[in-house]
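Participant: Feature table excerpt (TrEMBL):
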- ASP6, LEU7, ASN8, ARG21, HIS44, LEU45, GLY46, ARG47, ARG103, ARG140: substrate binding site (BINDING)
- ARG21, ARG103, ARG140: (2R)-3-phosphoglycerate binding site (BINDING)
- LYS190, GLY281, GLU312, GLY338, GLY339, ASP340, SER341: ATP binding site (BINDING)
Amino acid sequence: MLVRADLNVPLDGETITDDGRIRASIPTIRNLAGRGAMVIVCAHLGRPKGTPNPKYSLAPVAKRLAELLGEPVEFASDVVGESAQAAMAGLRDGQVALLENLRFEPGEESKDDAERALFAGRLAALADLYVGDGFGAVHRKHASVYDVPRLLPHAAGGLVLAEVEVLKRLTEDPARPYAVVLGGAKVSDKLGVIANLLTKVDRLLIGGGMAYTFLKAQGYEVGKSLLQEDKLGDVRGFLDEAAARGVELVLPVDVLAAEGFAADAAHEAVDATAIPADREGLDIGPRTRELFAAKLADAKTVFWNGPMGVFEFDAFSGGTRAVAEALIASDAFTVVGGGDSAAAVRRLGLPEDGFSHISTGGGASLEYLEGKTLPGLAALEDDQVES
Ligand code: 3PG
């Protein structure tokens, strides 16, 4: 059984700083192994761009996977080479192996269909059946996500099924008021999702680095804060669209303006309309935290993606914490879109069970909410095997 998982976890050297995605992958692997399957797990780590690079080795992940499973995990030091063949040949019923980083092989991400298909064939040859469970990567048209399920009888894994069920609940008739909180550094990463959300939500709250392009589009100066000048036109379009549709677009009313981008930078809360020219906004301010909490208090459905500030610096983590706490306090169906916001929840020591769902997919959940067809889900749609 070949299981495509998303084990793309943050590493500091060889130390895994957030093992959320490994933990989320455990139930499917355990279920299959427990039922006697020989399980070969494949996954990517980072973006090594088709070349083996020890910095992106999955070896530390294999170790953690074994700890969490409470079973040994045979680690293959290549993807489809001798080591992978040997690992496969050595597996007994109910045992688990992990292949080295899929992205060490140029065929995995190739835009050339033939090159991808060739690699997919070698990967598929390792197994009889395929389980797609790497939700965080289903938006990638990669060999292990898109091509292998065409070559093997396949099924969606439990994680993918659970994630899709949650996203369906957000897109098909969500309980209202439906509020979405978006943050993160770049508005350019969120253009598609904002355009689509404006047709679905009642309230859209914008924080994080991307908020400054909104403030500038409204005519305010943002000092040295993050600004994407080339996206001002798109953002002005969103402001008009929100007004025309009656969507409440909520922007920061104050920010923490810092002297520089540093954990110990001197800073103060200033009105969002009066950011000094030599300061940069690194978090939403206290009045905005209250405003956002008030806008979330009576919502029945909330989706949150992207930190409100530079949460990695304690002094600028308060906005992100406030939004997370507002979700925890709420009775709504609350969903945290993966990536940085999920990492922030864990880093800030907040209870994961305080949310209805924490997605393992950052880009994947955003592209789903954007209304796109996701290659890895499309490939699994004709489930051929009972999961
Ligand atoms: C993610 O981290 O969102 C997924 O693992 C996909 O990784 P990628 O953006 O490098 O394709």
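Each residue's number is its place along the chain shown, starting with 1.
Cβ coordinates come from backbone N, Cα and C, glycine included.
What's the neighbourhood like for each of these?
Facilitator: The 10 Å shell around the Cβ of ARG21 ((2R)-3-phosphoglycerate binding site) contains 24 further Cβ atoms across the protein chains shown.
ARG21 ((2R)-3-phosphoglycerate binding site) carries a helical DSSP state (H, G or I).
Counting every protein chain shown, the number of other Cβ atoms lying within 10 Å of the Cβ of GLY338 (ATP binding site) is 25.
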Participant: Looking only at ASP6, LEU7, ASN8, ARG21, HIS44, LEU45, GLY46, ARG47, ARG103, ARG140, which the record lists for substrate, tell me the maximum pairwise CA distance in angstrom.
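Facilitator: Per the listed residues, the maximum Cα distance equals 18 Å.
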Participant: Pick out which of the binding-site residues GLU312, ASP340 has the most other Cβ atoms within 10 Å of its own Cβ.
Facilitator: ASP340
Participant: Counting only residues 6+ apart in the same chain, whose Cβ is under 8 Å from the Cβ of HIS44 (substrate binding site)?
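Facilitator: Same-chain residues close to HIS44 (substrate binding site) (Cβ under 8 Å, separated by 6 or more) are ASP6, LEU7, ASN8, ASN101, LEU102, ARG103, GLU108, ALA137, HIS142, SER144.
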Participant: Per 10 Å Cβ neighbour count, which of the binding-site residues GLY46, GLY281, GLY339 ranks highest?
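Facilitator: Answer by Cβ density within 10 Å: GLY281.
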Participant: Filtering ASP6, ASN8, GLU312, ASP340, SER341 (binding-site residues) by proximity to ligand 1: which pass a Cβ cutoff of under 6 Å to any of its atoms?
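Facilitator: ASP6, ASN8, in sequence order.
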Participant: Given the binding-site residues ARG21, GLY46, ARG140, find the one whose Cα is closest in space to the Cα of ASP340 (ATP binding site).
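Facilitator: Given the candidates ARG21, GLY46, ARG140, the nearest one is ARG21.
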Participant: Using a 10 Å radius around each Cβ and all protein chains in view, which of these binding-site residues has the most neighbours: ASN8, SER341?
Facilitator: SER341
